[in-house]
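As written in TrEMBL, here are the features:
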{"type": "COMPBIAS", "residues": "14-32", "note": "compositional bias 'Pro residues'"}
{"type": "REGION", "residues": "1-42", "note": "region 'Disordered'"}
{"type": "REPEAT", "residues": "59-93", "note": "repeat 'PPR'"}
{"type": "REPEAT", "residues": "163-193", "note": "repeat 'PPR'"}
{"type": "REPEAT", "residues": "194-228", "note": "repeat 'PPR'"}
{"type": "REPEAT", "residues": "264-294", "note": "repeat 'PPR'"}
{"type": "REPEAT", "residues": "295-329", "note": "repeat 'PPR'"}
{"type": "TRANSMEM", "residues": "230-252", "note": "transmembrane segment"}
Amino acid sequence: MSLPACTPTTTQPSYPPKPPSLHPHPNNPTFPNPNHKISLTNNTNTHISLKHTSNPIDPAISWTSSIARHCRNGRLAEAAAEFTRMRIAGVEPNHITFVTLLSGCTDFPLENTRFGASIHACARKMGLDTNNVKVGTAIVGMYSKCGQVNLARLIFDEMCVRNSVSWNTMIDGYMRNGEVEDAIALFDEMPKRDAISWTALIGGFVKKGHFDQALEWFREMQLSGVQPDYVTIISVLAACANLGTLGLGLWINRLVSKHEFKDNIRISNSLIDMYSRCGCIEFARQVFEKMPKRSLVSWNSIIVGFAVNGYAEEALKFFNLMQKEGFEPDGVSFTGALTACSHAGLVDEGLEFFNIMRRVNRITPRIEHYGCMVDLYSRAGRLEDALNVIENMPMKPNEVVLGSLLAACRTCGDVGLAERLMKYLVELDPGCDSNYVLLSNIYAAVGRWDGAGKVRKTMKSLGIQKKPGFSSIEVDCSIHEFVAGDKSHVNSDDIYALLELLSFELQICGYVPETIVTETYEHH
């Protein structure tokens, strides 16, 4: 079915008409005269007029309401069956019907791509995909979330009318599918950019792990004069947390304090997470204590923050306070408690928390909980107990769980267990260089040079090269990264001069650098 060509236009979202005034006025017929009395018992004309004012409900509305109820509850199959019955009954769906079904498809994109395409076909026959901005935008969003961004762009280009939501949905679709260049190109074409447009780009970079670019675009947003909303702030704080840019995080905190969303609970949670991951746990505590209202996420954020920063006693204290405040701990809460026990060497307490989680709170342990138990035993030197957890856990261990035990093998000098673990790690990630390097260092630490040489030969035959480690430091809200022997920095001469001075002062104090293992790996 061919549709007439149309020229796309951009409109602002439509709003409902202003309701009639409800104030008494001589010229306002919609408001009853206060001096006029209506008798519902004696005035039969009143009964007649009331009966005639009640209009029958549009059948499309009742059908759509039923479909929406199924979609809200995640029952898309029932919603599809209801839509089929609606068509068999001869009821014509409206634009709300299509938007409801398409929105339901986006909640389960992998399973419902075909159904979404069939809904698109129905909308196409009625011309709604190009002539109705809401339906067209919903189709663009559906295809984007189903990974078919090219189809989404095809529909976007065919839309006769577009609004800011249409543009933002298409940009988000590109970012969601990793098409960064296309997203930026479309962003540059936008007739008018709002906070949501900028956030679509910034949030997309954060989700893909491009935190530096996210902060660069946030700076561009600031220069453009567009005020960020709370979603923008949350994305920027996530970038700061991952990069460790404490200076910028402090600046964001001050910016938030001047806006109306300063008490937004999600922003406060993000601030707690950012400060915790930057090592400023006292700042995180201050944010938490100033919150007028807290959620379970707030408690989890501060508990995990204390735990990962080594404040086990505080983490367990807040874990108990959370329950006294009426919050029931979830899986994340117990992850924080187990991490605290692991860092403090509280093996028995950690085992007790693990059992309470399963038997009292009825929470099925996930892989991160088993990982905490492995780390708990490993840090305590109980490697066989840690291995027993790995062998009996209901899911296949990942490289993080196995790597935790492998690192403990180096501390305890257990070469045999390290060799057994390496077989599993090679199956999981055969190209990972760090596991080979760690095994080589374990051999070297106990004087097994033949084993270290064998590991290096294996790496060479597989084409695996040791990735250089790097250090980073934040100066004036900018991150500076360095690798060993790096002299590319503009201030490298001053940096190396200061390092030599520090090294000299350390040697005066009796410090001897531990360079035997690394030198052995590099030169033998």
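The backbone N, Cα and C atoms fix where each Cβ goes, glycine too.
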For the repeat 'PPR' (194-228), distant same-chain residues with Cβ under 8 A (at least six beyond the ends): 164, 167-168, 171-172, 174-176, 178, 180, 183-184, 187, 235-236, 238-240, 242-243, 245, 248, 479
Contacting positions for the repeat 'PPR' (295-329) when only residues 6+ beyond its ends and CB under 8 Å are counted: 265, 268-269, 272-273, 275-277, 279, 281, 284-285, 288, 335-337, 339-341, 343-344, 346, 349, 357, 361
Residue counts (helix, strand, coil, in that order) that DSSP gives for the repeat 'PPR' (163-193): 23 helix, 0 strand, 8 coil
Secondary structure content of the repeat 'PPR' (194-228), with strand meaning DSSP E or B: 27 helix, 0 strand, 8 coil
